[in-house]
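Now, the feature entries from TrEMBL:
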{"type": "DOMAIN", "residues": "8-425", "note": "domain 'Major facilitator superfamily (MFS) profile'"}
{"type": "REGION", "residues": "432-464", "note": "region 'Disordered'"}
{"type": "TRANSMEM", "residues": "12-31", "note": "transmembrane segment"}
{"type": "TRANSMEM", "residues": "43-64", "note": "transmembrane segment"}
{"type": "TRANSMEM", "residues": "76-91", "note": "transmembrane segment"}
{"type": "TRANSMEM", "residues": "97-119", "note": "transmembrane segment"}
{"type": "TRANSMEM", "residues": "131-154", "note": "transmembrane segment"}
{"type": "TRANSMEM", "residues": "160-181", "note": "transmembrane segment"}
{"type": "TRANSMEM", "residues": "218-242", "note": "transmembrane segment"}
{"type": "TRANSMEM", "residues": "254-277", "note": "transmembrane segment"}
{"type": "TRANSMEM", "residues": "284-302", "note": "transmembrane segment"}
{"type": "TRANSMEM", "residues": "308-330", "note": "transmembrane segment"}
{"type": "TRANSMEM", "residues": "351-368", "note": "transmembrane segment"}
{"type": "TRANSMEM", "residues": "404-421", "note": "transmembrane segment"}
Amino acid sequence: RQGIGEPSVYHAVVVIFLEFFAWGLLTTPMLTVLHQTFPQHTFLMNGLIHGVKGLLSFLSAPLIGALSDVWGRKSFLLLTVFFTCAPIPLMKISPWWYFAVISMSGVFAVTFSVIFAYVADITQEHERSTAYGLVSATFAASLVTSPAIGAYLSQAYGDTLVVVLASGVALLDIGFILLAVPESLPEEMRPVSWGAPISWEQADPFASLRKVGQDSTVLLICITVFLSYLPEAGQYSSFFLYLRQVIGFSSETVAAFIGVVGILSILAQTVVLGILMRSIGNKNTILLGLGFQILQLAWYGFGSQPWMMWAAGAVAAMSSITFPAISAMVSRSTDPDQQGVVQGMITGIRGLCNGLGPALYGFVFYLFHVELNEMAEVETLGKASKPNMANPTDESSIIPGPPFLFGACSVLLSLLVALFIPEHNLALRSGSHKKHSAGAQAHPHSPPAGGSDGKEPLLEDSSV
């Protein structure tokens, strides 16, 4: 067996940490390059770039998952990490090529799917949630630490050093996969290695979405996920740029903001989530998380002062309890042999949001004329804590962040839908669901054990 030792969760943890640490280092330089490359309609272009990447990931994830079930995980870990990190050195070589390659890299930007399939191959079912939690916590830790380090190095030594360092970390990750990561999928577990046919049913990204309406409880959960994750995906794509260029945060302050909110989110998802689930129940925890998300987005939308962003960031940390709570409810509402199918529906909806959300946010910024002035003006006026907008006399002076307000309305609709999710007798519903839909579910689309379990924890990943 190639690699060092037996396959373990720690191999997966190192791969995830290095990949996202490399990208986290680039938080500050990327904001600068984005504005310099697209001085006009910066938010719109940012949304389109991330939107194309998200939609390509959504379309390619089932196919890559199916191929990894046949050809093994290691080769696809190498493929996804290589192409996901390929744009990094281009940031200084050619910014236009950098953003073009970022968009196209969405075809392979599905490392998490392969990593979770890797973990599913080597763990027993009762160990899996703990292993997934370790991988997700590592993802959080990499994003909590790396932006601050990147901002400090950028300030002290320039962006070029940060790009070189990030490229080095990415190469280290690729080398680690090549030399140290053993294959997790035994040869006897593969259908017919390097020759098995892949059906369209396995590779169809919309196949799981078509099953959404088969059970009313699952349908309500999926609508809740779509309406609440759509603004969250858009927020992730543009919020740091918004803080940096519109609110006037410095690079160091943006890095500190990421670190503080990340740490608070980890505490919320561990300590606070456990207390709430025991005290007020699963459904009420979801409703509370959605309420915090509405407050957070409204605060982002109307806030124009830095202290408002910090306060809203603390609320955002509390809103991160929503998706782990939804994941728990999905697990409770379905039978063990249907977990992969139903979790696959949630994952498909989230993948769709990863493409639609950024594009929607960029388009709304464009509609409301929230644009950026020259970089020099941002640097000199940023400390005045004034919104930096091209048209201060129009609607943007009243609503500094229009997309966040649109997002708050979307989450409000999500909250109203979530009110109708039945909390009791879920086990009975899942039993009847299994009887009525057994024929529909038992077809070749149902992914193998590794692939289906690989999709399950992506809900938790997104809430970090």
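Any Cβ shown, glycine's included, is placed from N, Cα and C.
Of the Cβ pairs linking the transmembrane segment (254-277) with the transmembrane segment (404-421) and spaced 6 or more residues apart, fewer than 3 are under 8 Å, so the two regions do not touch. Same-chain residues lying 6 or more positions outside the transmembrane segment (284-302) and placing a CB less than 8 Å from one of its CB atoms are 224, 228, 231-232, 235, 239, 273, 276-277, 308-309, 311-313, 315-316, 318-323, 325-326, 329, 399-405, 407-408, 411-412, 414-415, 418-419, 421. Outside the transmembrane segment (12-31), and at least 6 residues removed from its termini, the chain residues within Cβ reach (under 8 Å) are 77, 81, 84-85, 88, 91, 111-112, 115, 118-119, 134-135, 138-139, 141-143, 145-147, 149-151, 153-154, 159, 162-163, 165-167, 169-170, 172-173, 176-177, 180-181, 240-241, 244-245, 251, 254-255, 258. Across the domain 'Major facilitator superfamily (MFS) profile' (8-425), the prediction's mean pLDDT works out to 80.
Taking every recorded stretch in 131-154, 218-242, 351-368, 404-421 and counting its Cβ pairs under 8 Å to the transmembrane segment (97-119), the highest total belongs to 131-154. Scored on C-beta pairs under 8 angstroms, the neighbour of the transmembrane segment (404-421) with the top count among 131-154, 218-242, 351-368 is 218-242.
Below 8 angstroms of C-beta separation, residues 27, 31, 34-35, 42-43, 46-47, 50-51, 54, 212, 254, 258, 286, 290, 293, 297, 300, 322-323, 326, 329-330, 333-334, 342, 345-346, 349-350, 352-354, 356-362, 365, 401, 403-404, 406-408, 410-411, 413-414, 417-418, 420-421, 433, 462 of the same chain, each at least six residues beyond the ends of the transmembrane segment (218-242), sit close to that stretch. Long-range contacts of the transmembrane segment (131-154) within the same chain, counting only residues at least 6 positions beyond its ends with a Cβ under 8 Å from a Cβ of the stretch, are 9, 12-13, 16-18, 20-29, 112, 115-116, 119, 123, 161-162, 165-166, 251-252, 254-256, 258-259, 262-263, 265-266, 456-457, 460-461, 464.
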